[in-house]
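J.: Dumping what TrEMBL says about this protein:
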type     : residues : note
SIGNAL   : 1-24     : signal peptide
DOMAIN   : 40-267   : domain 'Lipid-binding serum glycoprotein N-terminal'
DISULFID : 169-210  : disulfide bond
DOMAIN   : 281-488  : domain 'Lipid-binding serum glycoprotein C-terminal'
């Protein structure tokens, strides 16, 4: 039976969308050492998510389907009385309240109080009398019920991903009353079916509802796992979000641990020196994510191997870079480099020669990369000519923020060291004006230009995974030596679960 099973999806479904935990897998002696990602959800977040339970329950009841109930009994004078209850549908539903409690080192306890539901359907009954008189009748009915539902959810691990055990489930009936349509039916008949059907319906609900809750819990767990896998994957680059350790369930928060290894084609990531400790996170915000420096370094390597760190600039964009200021030095450098060729007939190519090295420090994320720049001109009627080639080691410190559903990257300071410098206008390299101009241009305009292209690209990628559907409040991205903490408050978009109900149930 589906109806009460779907009731469960409100709070429990949201928990699983934000948390993957484990209790049955085998881990090494030092599981924290291989932890690359940590998620902590605090009690205020659990209470907020629990407010959405009523909406989800109502949506689940609208999609519910109920089994037919049949039975028979011998009665004096009437012989055998057989009955069938069919076409059961929810007519009305109200919920007084829903409560959630985190039991330390135990389970998530969800109590749904006073679920008042009205069911309608058709009662068909027939009996063979002592004088072989056969009578068959069909009558509409309504059932009024009041139920309390208690679910204790344990989170287990199967095949390195979350599995939910919601078999610890109880239903308490405060009211279950049958009303037959019209006043023509004899009083004994109403009493008979009230007793029989109410008793049978209680047994069916207690068995089928809890079985369905357990089944749907795992269906939703699989759905959430697939959703999370998709979120941390872009084409051939993805993160292994296998569980790295058992969950930590405290009275004030839930915490899960994941490997976070980067997977890319034949590249195999290894990580065994995580600095994570539960004491690194607080309980003042609703949601926390802890990310190891190793993850960012591995992602940078995968992006380098996938040739994503290449950039081509031409035309007006090239003009903006080289005409950042109108000075004599700038005019001289432009004339020497482009040799009178227009920006529309020129192109600059920028690419990383080695994978960027990333270091997370309190002042920000420090990115160090060896970058090549090549500028070519295409004079009309002539062969293309490489007029400038240089290799430079760039170190830049970046602070990140998230506001108005956009990722913001702010470069604080940068250092540039030329390794190779070849210019056709200065083959001897004795004229420092071009190099000085280029160093200033790269610092003032070039690095911000590259970052301005990375910002919308990453924002678009995250939004394509559904991040923009969440109302994120006051997010903070905090850098410490070797790791990043993202902490935030949020409002959950309840329509996501409603859409899930519509599609899956």
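Backbone N, Cα and C atoms are what each Cβ position is placed from, and that goes for glycine too.
TrEMBL annotations: computationally assigned, not manually curated.
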J.: Within the chain of residue 169 (disulfide bond), which residues six or more apart in sequence place their C-beta under 8 angstroms from its C-beta?
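T.: Set apart from residue 169 (disulfide bond) by at least 6 residues yet with Cβ under 8 Å, we have 149, 150, 151, 152, 209, 210, 213, 214.
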J.: If you average the pLDDT over the domain 'Lipid-binding serum glycoprotein C-terminal' (281-488), what number do you get?
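T.: Residues in the domain 'Lipid-binding serum glycoprotein C-terminal' (281-488) carry a mean pLDDT of 89 in this prediction.
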J.: Among all protein chains shown, how many Cβ atoms are found within 10 Å of the Cβ of residue 210 (disulfide bond), not counting that one?
T.: 22
